[in-house]
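Annotated in Swiss-Prot:
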type	residues	note
DISULFID	C91-C181	disulfide bond
DISULFID	C105-C118	disulfide bond
DISULFID	C110-C136	disulfide bond
DISULFID	C121-C131	disulfide bond
DISULFID	C349-C390	disulfide bond
DOMAIN	63-428	domain 'Peptidase A1'
CARBOHYD	N133	N-linked glycosylation site
SIGNAL	1-33	signal peptide
Amino acid sequence: MAKNMAQIFPFIAVFLSCSFIFVLSSSQNSQSLYHNPQSTSSSSSKPSLLVLPIQQDASTGLHWANIHKRTPLMQVPVLLDLNGKHLWVTCSYHYSSSTYQAPFCHSTQCSRANSHHCFTCTDSATSRPGCHNNTCALMSSNPVTQEAGFGELAQDVLAIHSTHGSKLGPMVRVLQYLFSCAPSFLAQKGLPNNVQGPLGLGHAPISLQNQLFSHFGLKRQFAMCLSRYPTSNGAILFGDIYDLDNNYIHNSIDVLIDMVYTPLRISQQGEYFMQVNAIRVNKHMVVPTKNPSMLSSYHGDSRIGGAMITTTNPYTILHHSIFEVFTQVFANNMPKEAQVESVGPFGLCYDSRKLSGGIPSVEFVMDSHDDVWRISDENLMVQAQNGVSCLGFVDGGMHTRTEIVLGTHQLEENMVVFDLERSRVEFNSNSLKSHGKTCANIFDLNNA
């Protein structure tokens with residue numbers, strides 16, 4: 001017996017050593033969901049707030065971000081699309097990643113992405129990212145040109161910054177982030193230079209925030225602060241921004257105490273709307289002549305009333321009936337001698353040198369007359385040409401889908417919070433400038 005034990009003891013020792021190595025390896029792998037590409041963080045400390053820096057594109061007025069994807073991680077520039085259903089990028093050229101996967105048709109991932117069709121690739125004789133057979137087909141669209149096409153549902157690593165007190169924390173990873181490899185023609189028009197596709201934040205199963213909420217167990221809330229200046233960053237925060245223990249928003253009491261809120265309505269397509277019952281210019285009500293109740297009525301899902309919040313229109317678009325009266329009331333409160341020929345796409349422009357008397361106040365009145373969003377001078381006017389300032393609102397014609405489509409110029413330098421748990425949208429009643437702040441200086445975005 002002793003002899004037999006002596007013979008098998010080396011095998012037991014080897015087995016125990018291998019088991020220890022396997023347990024250690026498994027422990028390390030379990031931590032990889034919250035792994036910083038530069039340094040290791042513990043899996044026991046799940047992030048409560050995530051940060052994505054955002055920049056303005058000077059040529060289009062739209063906003064974009066660098067997301068970190070693939071293995072090894074690399075920066076991928078994408079357009080911010082508040083109402084988009086998912087992230088899509090073009091994978092036809094230069095997509096290199098050791099962790100790319102294309103889920104099989106009718107798989108769990110397909111169901112999660114609401115993909116009910118199979119994808120067959122005809123572009124290439126060999127398989128590559130974005131080109132496999134018997135995978136999931138997902139419809140993607142360019143939010144600027146409205147072109148659309150089927151692509152391949154894919155999954156790969158995505159990394160995003162966490163926070164550590166008032167500073168940026170380590171990057172954390174989602175190992176199987178779902179997105180679409182879309183046809184390359186979708187990215188050829190309308191998008192800022194070098195952008196590879198849009199990053200969707202709409203109310204949809206595989207939009208960015210919903211995958212982050214699910215993966216990290218975050219509070220279902222995200223905040224957006226878009227910078228007016230191409231040389232400085234704004235940011236989107238995912239998670240509980242009101243948790244003062246996070247302390248990430250500098251002087252958060254000053255920034256957040258000024259917030260007012262109104263119900264958040266979501267269309268069947270997952271787009272974000274808020275009710276605007278009235279527009280006031282220097283306290284004068286803007287009342288459409290042909291339909292006085294246009295702003296205060298709600299039309300349901302067939303034609304959503306109110307204001308759609310977007311990040312893919314640089315300027316706010318108004319239904320013609322509203323635009324006509326709004327510009328007339330605004331012009332009545334401006335010096336007539338300052339008005340000049342309009343510069344497209346705007347309908348009302350002025351000689352900047354003759355505007356020393358100030359700009360009329362414009363307020364959007366929400367469900368309650370106490371809930372008012374005051375649009376600052378900088379958010380109202382656009383420097384269309386040298387020496388020419390225009391009212392930054394565009395005539396949308398008679399057949400708009402909704403009365404108001406809020407554009408990025410009016411949203412810049414405001415904190416806008418989408419509280420999906422309480423179905424409400426919150427915003428500063430006055431721009432951050434009234435507090436002496438900007439989107440760039442209320443966040444620490446160093447080394448982002």
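Even glycines carry a Cβ here, placed using N, Cα and C.
Shown on the structure are the features that Swiss-Prot records.
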residue: C91; record: disulfide bond; Cβ contacts under 8 Å, 6 or more apart: R128, P129, G130, C131, E152, A154, C181, A182
residue: C105; record: disulfide bond; Cβ contacts under 8 Å, 6 or more apart: H117, C118, F119, N134, T135, C136, A137
residue: C110; record: disulfide bond; Cβ contacts under 8 Å, 6 or more apart: P103, F104, H116, C136, L153
residue: C121; record: disulfide bond; Cβ contacts under 8 Å, 6 or more apart: S127, G130, C131, H132, N133, E152
residue: C349; record: disulfide bond; Cβ contacts under 8 Å, 6 or more apart: Q339, V340, E341, S342, V343, A384, V388, S389, C390, L391
Which of C118, C131, C181, the listed disulfide-bonded residues, has fewest other Cβ atoms within 10 Å: C118
Averaged pLDDT score, the domain 'Peptidase A1' (63-428): 92
Lowest local Cβ density (other Cβ within 10 Å) among disulfide-bonded residues: C136, C390: C390
Neighbour count (Cβ, 10 Å) for N133 (N-linked glycosylation site): 13
Reduced DSSP assignment, the residue listed as 'N-linked glycosylation site': coil
